Amino acid sequence: MAASAPELSITRTPEIQTYKPTVFNQINEKADEEKAEKGGSTLEKVHLTAWRLHLVTLGVCCSVFLPSFEITVVSTALVDIADDLRAFSRVGWVIVAYLAAYTSMIIISAKMSDIIGRKTALVASLIVFSAFSGGCGGAQTLTQLIVLRAFQGVGGAGCFSVASIVVFEMVPKQMYPKYSAIISAIVALATLLGPILGGLITEKSTWRWVFLVNVPVGVTTTALLGICLPTGFPYQGQKSAPNQIQNSLVQNLRRMDFLGTFLFMGASFTFVTALLEASTSFSWSSAPTIVLLVISGVLAIAFLAWERFIMQRSSLQEPIFPWRFVYNRAWMGMLFSSLLLGIPFAVLVVSIPQKLQTISNLSPLQAGLRLLPYALSAPSGASLSNILISRRKSLPPVYITILGSCIQLIGISLLTVYSSENGTTGRDYGCQIVAGFGLGMMFGTLVMLTPLSVDMQDLATATGAIVQFRIFGSTIGLSIATSVLNAKLRAELPRMLSPEKLEAVLRSTTVIHKLPGNVRSVVEDVFGEGYALQLKVVVAFAAVNVLTTCMVWRKKPVKVA
């Protein structure tokens, strides 16, 4: 008799007395309760086994890797993109457009997967991400590339958020630590490889393959999950499941905070646009910049007022930012710390390679390799902090968070003082390691503190907010850094360059190396001062970050044990 194929098994997740709730399983448990509360019976998860589990795990890992990879892979390709499309002063939008859309859609994508199902949401997100990645690779103008990158970010947000939920719904609780470690490693690997592979692709081929490489991987992943991820997951094979989900569709739609979502997105986009357009197309005192900032402020106030109104009227809508968060000092400190944490990471990952390519005339690959110490030290800091806290459970995580913020401040400050022009000295690498290690310590402990600092009913929203504000901080940081550099260039370069040559330099930095020797040296000095000014701005944010981490401290600090 032929051996029968492995079958799915319906298992009830066992209760473990020593089980500690984590970020991801609380998100999933809340989603389970919402889906199962209708219909009079409780649905049970159908965990995946054997070959199906392995193939879905591969697909989920790719779904997490691709959007994370796209955040940093562009950093070493920016100069080539600017030179090819002749728009150096606006090239920062290539990253900002992706991050802005990605940031705004993380929570929305997770909510939508509750309505249309995990499989449909994940496959649709992969299709959107892959399609617009191909569009980015074929863009003929910077405006086209920016618009396509925004839609790519929408798909990327769905890939990351829905895949993070799926991975913890396909296995029982006792396997959560293993799969959590896998996902964390994938995100760290994607962030690490981004600048290096971006430089390698750009040097050996063309910057367009930075985006086109996602298409075959995305299409393969879509087909893999379309075949292997069961329909109705994670309640496949239960006859009552489709009816229960269908009956709850209207209620799920009523539960979504659409107005709050649109207000938040509007405030985010107008604020980022104002920051980037200032000193690029308009001055800080120009009417368009002021109007955008005012609109952003009005939308932000309206957003907070609406979130408070929802909480007071006790409606079915679930606010994306519960007002009770405002009264939780420790949680607000974590939220602000996460916001500020994204600023130095994004600016350093983009600024260092860009500086080395512009001033030192290094290739994209050479510039990416010189960022390796920073990229390696960040996950090392996160791992070490988690190991330390897990072995010494009496040690409050907040102490590690504060220590990490201080170490990051020291590292960035030293980088500002001792950074060399070519970025190849031991001091450069040492400063990067210190800054990255401190950043990693904060990142690891902020995630760990989240379930310990909020009510269980708010854990899913709190987790999404931590991630969303960190990426939002990255967007703000890149916008400010771009504005600072462009303002410096437009203020200093007109003294030594004609208007025609100035515009040529701002369109393509390769023009710098074609200038006469004495003029080129002065222009490179101005660019160097601009990049140094970016680091000084980052130091200021890192200093404020130390204060926000102190907000997390309590008289009786929270402990893991």
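Our numbering is plain: 1 for the first residue shown, then up by one each step along the chain.
The backbone N, Cα and C atoms fix where each Cβ goes, glycine too.
The domain 'Major facilitator superfamily (MFS) profile' annotation in TrEMBL covers 56-557. According to TrEMBL, the feature transmembrane segment maps to 55-79, 91-110, 122-140, 146-168, 207-235, 256-276, 282-306, 326-351, 398-418, 433-454, 466-487, 531-553 (among others).
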- Contact call for the transmembrane segment (146-168) and the transmembrane segment (91-110): at least 3 Cβ pairs under 8 Å, seq gap 6+: yes
- How about the transmembrane segment (531-553) and the transmembrane segment (398-418): do they have 3 or more C-beta pairs under 8 A, pairs 6 or more apart in sequence? yes
- Message: Take the C-beta pairs under 8 A between the transmembrane segment (55-79) and each of 91-110, 207-235, 326-351. Which stretch has the highest count?
- Response: 207-235
- Under an 8 Å Cβ to Cβ limit, what residues of the same chain, 6 or more beyond the ends of the transmembrane segment (282-306), are close to it? 259-260, 263-264, 266-267, 270-271, 273-274, 321
- Message: Should anything in the same chain at least six residues away from the transmembrane segment (466-487) have a Cβ under 8 Å from its Cβ atoms, list it; otherwise answer none.
- Response: 71, 89, 92, 95-96, 99-100, 102-103, 106-107, 268, 271-272, 275-276, 278-280, 334-335, 338-347, 350-351, 443, 446-447, 450, 506, 530-531, 533-534, 537-538, 541
- Segment-level pLDDT (mean, integer) for the domain 'Major facilitator superfamily (MFS) profile' (56-557): 81
- Query: Looking at the transmembrane segment (256-276) and the transmembrane segment (398-418), are there 3+ C-beta pairs under 8 A, with each pair at least 6 apart in sequence?
  - Reply: no
- Near the transmembrane segment (91-110) in space but 6 or more residues beyond its ends, with Cβ under 8 Å, are 27, 67, 70-71, 74-75, 78-79, 81-82, 85, 121, 125, 142, 145-147, 149-154, 156-158, 160-162, 165, 261, 264-265, 268-269, 272, 276, 320, 346, 350, 460-461, 464-465, 467-468, 471-472, 474-475, 478-479, 481-482
